[in-house]
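Asks: What follows is a structure written as structure tokens; I'll ask about it next.
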Amino acid sequence: MATVYKVTLVDQEGTETTIDVPDDEYILDIAEDQGLDLPYSCRAGACSTCAGKIVSGTVDQSDQSFLDDDQIEKGYVLTCVAYPTSDLKIETHKEEDLY
């Protein structure tokens, strides 16, 4: 049985929305199921459209192939291929901050 974590998403206006995300589901998929409108493109971890930045907590994004080690160390995450591994808070809409 999957462990369910509380994932708080902070949009560009600072509005916080907390959703329950099982550890075997991608954050983006569950956010969409909850009616949230987050940016995405490839859904495969190969671009940066869905990028967010982790404020607190941890994820498993081993399926991603776009971010480099430096970006990951700074807390960037691709929500389309990120599984929560703890309760966490993510600032969404961070693609432009990567460059």
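Here the Cβ of each residue, glycine as well, is placed from N, Cα and C on the backbone.
In case it's useful when we look at the structure, here is the feature table from Swiss-Prot:
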- CYS42, CYS47, CYS50, CYS80: [2Fe-2S] cluster binding site (BINDING)
- 5-96: domain '2Fe-2S ferredoxin-type' (DOMAIN)
Asks: Once CYS42, CYS47, CYS50, CYS80 are set aside, which residues in the chain still have Cβ within 8 Å of the Cβ centroid of the [2Fe-2S] cluster site?
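Replies: The answer, listed by sequence position, is TYR40, SER41, ARG43, ALA44, GLY45, ALA46, SER48, THR49, PHE66, LEU78, VAL81.
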Asks: Quick one: what's DSSP say for CYS47 ([2Fe-2S] cluster binding site), helix, strand or coil?
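Replies: DSSP assigns CYS47 ([2Fe-2S] cluster binding site) to coil.
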Asks: Please list residues from the chain of CYS50 ([2Fe-2S] cluster binding site) whose Cβ is under 8 angstroms from its Cβ, counting only those at least six apart in sequence.
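Replies: Correct list: LEU28, LEU38, PRO39, TYR40, SER41, ARG43, LEU78, THR79, CYS80, GLU95.
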